[in-house]
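A quick write-up on the structure given underneath.
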Amino acid sequence: MAAEIHSRPQSSRPVLLSKIEGHQDAVTAALLIPKEDGVITASEDRTIRVWLKRDSGQYWPSIYHTMASPCSAMAYHHDSRRIFVGQDNGAVMEFHVSEDFNKMNFIKTYPAHQNRVTAIIFSLATEWVISTGHDKCVSWMCTRSGNMLGRHFFSSWASCLQYDFDTQYAFVGDYSGQITLLKLEQSTCSVITTLKGHEGSIACLWWDPIQRLLFSGASDNSVIMWDIGGRKGRTLLLQGHHDRVQALCYLQLTRQLVSCSSDGGIAVWNMDVSREEAPQWLESDSCQKCEQPFFWNIKQMWDTKTLGLRQHHCRKCGQAVCGKCSSKRSSYPVMGFEFQVRVCDSCYDSIKDEDRTSLATFHEGKHNISHMSMDVARGLMVTCGTDRVVKIWDMTPVVGCSLATGFSPH
């Protein structure tokens with residue numbers, strides 16, 4: 001079922017501790033059980049499984065429960081030991097797990113959506129289960145009565161969800177690339193604002209309530225940090241992945257952001273440095289360096305008897321430039337560009353060697369990651385994906401051992 005991996009500790013990369021195999025289809029969610037050597041998984045094969053580590057070092061399923069429909073999302077509340085499972089048919093089911101994690105009792109079914117559930121969050125304070133789905137809505141239901149309290153519709157599939165428990169603000173990402181901030185009430189909600197910055201569908205969100213930072217990952221392979229608490233509209237772009245960003249986790253104590261992409265890439269971003277905002281791209285009818293006309297500027301082309309050029313943009317200054325004036329490439333990590341991007345010649349000359357020093361580390365998960373979660377207190381990470389494999393990682397060599405007071409590495 002599961003193999004214990006004996007990796008030689010390396011100071012620079014995550015250490016693979018265990019590999020769990022046995023699912024018959026893609027694993028859509030995997031969550032580490034706090035203070036236990038255990039993992040809860042949900043899969044397209046219609047099963048919920050609780051895996052516990054045995055004396056042999058291997059993980060074996062102590063609970064194996066088959067659902068009526070493929071499992072598409074999951075939330076686990078450890079203090080009350082409640083599991084909420086979203087399904088492909090739109091229903092959310094609640095279970096209660098025994099103290100020894102060997103038995104799981106069905107509590108109730110919530111008719112939350114008309115289509116596939118994409119994300120679930122449980123709020124104990126309000127006794128709400130909040131969820132998003134492919135029926136283009138976010139819904140919140142009362143866990144005491146099982147009744148629908150409210151619902152808000154979007155123009156496209158709602159793909160991911162984060163929630164601020166103190167203010168009852170919900171952040172919903174959708175397939176159009178937009179993030180909507182909602183204030184949820186007992187039976188109504190109000191739209192506070194919408195955030196637009198990605199060029200692809202939003203795949204994941206992470207909310208840090210302490211610094212009031214929202215992180216979003218999308219199919220445009222990029223991560224954006226939205227400084228909600230700063231109230232100045234500040235955003236930071238992070239580009240280092242080569243595929244869709246599927247999962248995020250911000251480590252507040254060490255000011256690091258962990259992101260995973262569908263090609264197996266794992267990135268750890270240093271957010272404890274002074275980063276610069278990427279500029280807005282400027283528009284012009286001619287190159288802002290050599291003043292040659294762009295191809296749609298017919299008048300200047302006629303007047304100067306020259307051929308029009310393609311418009312490009314310098315990633316550092318944002319100016320509209322021609323290919324000749326932006327022939328060089330450079331990384332510029334302080335602005336989030338971890339690999340080489342187009343810059344104009346004058347900006348290239350202004351970038352020093354030390355400016356190219358990476359502010360992130362990149363690692364290989366070696367499987368298609370669709371979901372990731374972390375036990376920050378122990379420095380553990382679990383990844384799962386379309387290859388039906390669940391991997392448990394020791395992240396302390398990468399993020400450090402000081403994540404929690406009294407924590408010591410394995």
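Positions of Cβ are set from backbone N, Cα and C atoms, glycine also.
Sequence annotations record features per position, and here Swiss-Prot assigns Zn(2+) 1 binding site to C287, C290, C322, C325. Taking a C-beta cut-off of under 8 Å and a sequence gap of six or more, C322 (Zn(2+) 1 binding site) has these contacts in its own chain: C287, K289, C290, Q292, F294, L309, R310, Q311, H312.
Feature annotation from Swiss-Prot assigns phosphoserine to S408; the stated evidence is similarity to another entry.
If you look at the repeat 'WD 1' (22-61), the same-chain residues 6 or more away from its ends with a CB under 8 A from one of its CBs are 1-4, 67-74, 76, 78, 83, 85, 88, 95, 97, 101, 104, 370-371, 373-375, 377-378, 380, 382-390, 392. Annotation comment: Swiss-Prot describes 22-61 as repeat 'WD 1'.
According to Swiss-Prot, the feature repeat 'WD 2' maps to 66-105. Across the residues of the repeat 'WD 2' (66-105), the predicted structure has a mean pLDDT of 97.
Sequence-distant contacts of the repeat 'WD 3' (112-150), counting only residues of its own chain at least 6 positions beyond either end whose CB sits under 8 Å from a CB of the stretch, comprise 72-75, 77, 79-80, 82, 84-92, 94, 156-163, 165, 168, 170, 172, 174, 182, 184-189. Annotated repeat 'WD 3' per Swiss-Prot: 112-150, in sequence order.
Residues or ranges marked as repeat 'WD 4' by Swiss-Prot: 153-192. Same-chain residues lying 6 or more positions outside the repeat 'WD 4' (153-192) and placing a CB less than 8 Å from one of its CB atoms are 118-121, 123, 125-126, 128, 130-134, 136-138, 140, 198-207, 209, 214, 216, 218, 220, 226, 228.
Feature annotation from Swiss-Prot assigns repeat 'WD 5' to 197-236. With DSSP states grouped into helix (H, G, I), strand (E, B) and coil, the repeat 'WD 5' (197-236) comes out at 0 helix, 21 strand, 19 coil.
Taken from Swiss-Prot, the feature zinc finger applies to 281-352. Across the zinc finger (281-352), the DSSP tally of helix, strand and coil residues reads 19 helix, 20 strand, 33 coil.
Look at the binding-site residues C287, C290, C325 and count other Cβ atoms within 10 Å of each Cβ; C290 has the fewest. One way to see the shell of the Zn(2+) 1 site is to take the Cβ centroid of C287, C290, C322, C325; the remaining same-chain residues with a Cβ within 8 Å of it are S286, Q288, K289, E291, Q292, L309, V321, G323, K324, S326.
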